[in-house]
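Residues or ranges marked as UDP-N-acetyl-alpha-D-glucosamine binding site in Swiss-Prot (evidence: sequence analysis): T15, G16, G17, N126, R172, S199, I256, A275, L276, T277, V278, S279, E280, Q301.
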Amino acid sequence: MSLENKNIIITAGGTGGHIYPALAIAELLRQNKANVTWVGTPNSMEASIVPEYFNIQFIKSSGVRRKGIIKKITFPLKLAYNTLRSRSLLKKLKADLVIGFGGYVSGPICLAAALINIPVIIHEQNAKIGLTNRILAKFATTICLAFEIENLHKQFSSKQLAKTKLVGNPVRKDIVALNDKARIYTDSSTLKILVLGGSQGAKAINEIIPKLIRKSNEQGINIKVWHQTGKLSLEETKDAYKDISQNHIKDIAAFIDDMATAYNWADLVICRAGALTVSECAIAGLPAIFIPLPSAVDDHQFFNAQNIVNNNAGFCLRQQQMTLENLLAIIKPLNQDRSKLEQMSKMAKKTLIKNSSEQILDCVKKILNNK
């Protein structure tokens, strides 16, 4: 089925974990000749990223979690107001279908679509269903999941389960291309570690890595790092590396623009367990030490990592467990026997769900074909 002249609304915002999978789908829809419009919130991450690629419209929207009593009381009124505004926007755009990728902005847009009988697809990137998507699941035409959800039958009705599809997380093409490339782990004297703290950086990870390099050196383990610090921690982290030889440093940067090159360079990654990072590690076949963000809602980062960990393709340390001793206990055996890394790489690739973007595209076509 052709999507030519179909008006499809993408709504996602707040974090890269919501935005980048949505961008992958938006691009695929455009390649299939759909008219794609993004709806986000002003003064947000999507407001700075999306306009380079797609037309974007804005509505104001905010969440209610962990907010004061006044905001909780006024939230229903704001939601109703934003839903009415969203309804007007969808009519103006002559929307044929809405796809929600999470973030607070998805709530009013998807609710408004359901109220005026516009089909809605929601996509949950994490292994725990977020509050917005739990609410929207009642109204969605199709519910797409990135991970197997523990006890899903206790969270969804039989009707909701019937419209649920496991599709994985859409990932950028340059990273998908790494899946076809076998990782060869030689007995090189250098262990190349990519360090990622997520888009906001991770202070605890940034602080321990320079110490890890020094301690590893004492034990005869030659580590070289490519370290993404996040914008707020760049200078502080660079200072911590001052007495470390440049032979141990590939680069220290606030952000890494070319993640495919970074994943391809590394033997191992130390990172948070955001949904997109976990999915990219699986696709790239990159063994990982995951340090879930302690403050993540519903501890979702811990659960994101479990599929890879349970398949012996990675490790997971709680932040309080992220000591030099525990990190070295993982790294030392991998450095001594590189075949373990090679086996982990193969197992990581087995955990992924392939063709995620194409599966979501198929959902779009089926819904519009039956409309």
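Backbone N, Cα and C define each Cβ position, glycine as well.
Annotated features, which come from Swiss-Prot, shown on the structure.
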residue: T15; record: UDP-N-acetyl-alpha-D-glucosamine binding site; CB count, 10 Å: 20
residue: G17; record: UDP-N-acetyl-alpha-D-glucosamine binding site; CB count, 10 Å: 27
residue: R172; record: UDP-N-acetyl-alpha-D-glucosamine binding site; CB count, 10 Å: 18
residue: I256; record: UDP-N-acetyl-alpha-D-glucosamine binding site; CB count, 10 Å: 16
residue: L276; record: UDP-N-acetyl-alpha-D-glucosamine binding site; CB count, 10 Å: 27
residue: V278; record: UDP-N-acetyl-alpha-D-glucosamine binding site; CB count, 10 Å: 34
residue: E280; record: UDP-N-acetyl-alpha-D-glucosamine binding site; CB count, 10 Å: 26
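The secondary structure of I256 (UDP-N-acetyl-alpha-D-glucosamine binding site), as reduced to three states from DSSP, is coil rather than helix or strand.
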